[in-house]
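S.K.: The domain 'Enolase N-terminal' feature in TrEMBL is assigned to 5-135. The domain 'Enolase C-terminal TIM barrel' annotation in TrEMBL covers 140-422. Annotation comment: TrEMBL describes H156, E165, E284, D311, S363, H364, R365, S366, K387 as substrate binding site. Sequence annotations record features per position, and here TrEMBL assigns (2R)-2-phosphoglycerate binding site to Q164, K336, R365, S366, K387. If you look up TrEMBL, you'll see E206 marked as active site, proton donor. Positions annotated as Mg(2+) binding site by TrEMBL: D243, E284, D311. The feature active site, proton acceptor is assigned by TrEMBL to K336.
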Amino acid sequence: MSTVIEQVRAREILDSRGRPTLEAEVVLRGGATGWAAVPSGASTGSFEAHELRDGDKARYGGKGTLQAVSNILTVLAPEIVGLDALDQVGLDRRLIAIDGTPNKSRLGANALLGVSLATAHAASAALGLPLFRYLGGPLATVLPVPCFNVVNGGAHADNNVDIQEFMIVPVGAPSFREALRYGAEVFATLRGVLHDQKLGTGIGDEGGFAPDLKSNQEALDLLVQAIEKAGYRPGADIAIALDVAATELYKDGQYHFEQQALSAAEFIAALAKWVDSYPIVSIEDGLAEDDWEGWQQLTERLGGRVQLVGDDLFVTNRSRLQKGIDLGVANAILIKVNQIGTLTETLETIALAGRHRYRSMMSHRSGETEDVTIADLAVATRCGQIKTGSLARSERVAKYNQLLRIEEKLGDSAEYLGQRAF
Ligand SMILES: C=C(OP(=O)(O)O)C(=O)O
Ligand SMILES: [Mg+2]
């Protein structure tokens, strides 16, 4: 069956926030097709690849994606028709060259990513392989530990706590299927705990609860209560992970947190206190995207005890990660395909991280679609960890459900690392 690209299609669709994004389809000469939809962030890092928006205020307040769609159809498609979909690296290099800018601002990283991922899907379909197997080969056997974001704050929910994500992490589960059950049971129990304390059970952008709490620490206490009430041991069965998203708190060299303006050292001390008191295994973006000195201190202080993940800090970008490695900053990287804009660059970043013993956590965006590619990518790369929201919004649950299917397909070969993933 020919794997030569014959046709590329694209259109504007909506994401889980009701905002426009785009999807792309790639059709191969032999008849196989691939499809991918592009996610979109809210707390975006300044160094992310450029997401092209139309700017026409009369449509979606200027947030439309028709220009990016048109760039796929009229600029990228004529150049890639005739290329072999099996040569993912060649295709992605070509996309980058056609755009010609360092951050994909001419054609849009959203345009490039749609084509890049849809091509991988088409190639795997042509070979009759699931995407995780096509990209990962025979060693794609590790199911990621899911980090369920059960309390949403910061930029993902209005009027509540400063910290963006409070996640529960089933490190003691024996398999992915059981990890999903642990998570869903604690999530259901948390609903009851909130209800009993007359706290709101409405949800935020990633499907976690967004109650109006007095403090960030109250969220940690609620998590521990829910874990225990559901019959699990905090730490041993279910640990906690945070995404502070501290870039959002940072202004004029200080961290604005709970009505105080803190220096990096003071903010690190506050985080360290939580690490002392709660079963925290991972802290993402504990400090801001450009506070490299603060990050060095944070890594010295806590890097030996917990995973420190760079999201806005590294933006899935090899050069930013290399700088972090050189400076001894963080010990893990968050992986978001649309922060960098092609599959090849995503895989290269994960490989660089691995060579330097930095762990990788696969991640969704706060604006998502029904596309589940990241589930397959997590398994293909053996990264061992994924965060893709809570258990109450279909665009999040879809990824977890895809992991169930993959686990089933792998049968006895499936591995779940639990605590060893951190
Ligand atoms: C998933 C996240 O949010 P967003 O997509 O809004 O950047 C994050 O910050 O890790
Ligand atoms: Mg983040």
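Just so it is clear, glycine is given a Cβ too, placed from its N, Cα and C backbone atoms.
What does the local environment look like for each feature on the list?
M.R.: Restricting the average to the domain 'Enolase C-terminal TIM barrel' (140-422) gives a pLDDT of 96.
Within the same chain, the residues at least 6 positions away from R365 (substrate binding site) whose Cβ sits under 8 Å from its Cβ are P39, S40, G41, K336, N338, listed in sequence order.
According to DSSP, K387 (substrate binding site) sits within a strand segment.
Counting only residues at least six positions away in the same chain, the Cβ atoms of N149, N152, H156, E165, H364, S366, G389, S390, R393, R396 sit under 8 Å from the Cβ of E206 (active site, proton donor).
In the three-state DSSP scheme, D311 (Mg(2+) binding site) falls into the coil class.
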S.K.: To the nearest whole angstrom, state the Cα distance for the pair D311 (Mg(2+) binding site) and E284 (substrate binding site).
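M.R.: With the alpha carbons as reference points, the distance is 7 Å.
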S.K.: Can you give me the residues near the recorded Mg(2+) site, meaning same chain, not D243, E284, D311 themselves, Cβ no more than 8 Å from the center of the site's Cβ atoms?
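M.R.: So the extra residues in range turn out to be Q164, E165, L242, V244, A245, I283, D285, V309, G310, D312, L334, S363.
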S.K.: From the DSSP assignment alone, can you count helix, strand and coil residues within the domain 'Enolase N-terminal' (5-135)?
M.R.: 54 helix, 26 strand, 51 coil
S.K.: Ranked by the number of other Cβ atoms within 10 Å of their own Cβ, which of the binding-site residues Q164, S363, S366 ranks first?
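M.R.: Max Cβ neighbours within 10 Å, all protein chains included: Q164.
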S.K.: Please find, for H156, E165, E284, D311, S363, H364, R365, S366, K387 as listed binding substrate, the greatest distance between any two Cα atoms, in Å.
M.R.: 16
S.K.: Taking the recorded positions E206, K336, K387, which residues show a Cβ-atom distance to ligand 1 below 6 Å?
M.R.: none
S.K.: Name them in sequence order: residues not among H156, E165, E284, D311, S363, H364, R365, S366, K387 whose Cβ is within 8 Å of the mean position of the Cβ atoms defining the substrate site.
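M.R.: Close Cβ neighbours, site residues excluded: G41, S43, N149, Q164, E206, D243, L334, K336, G389.
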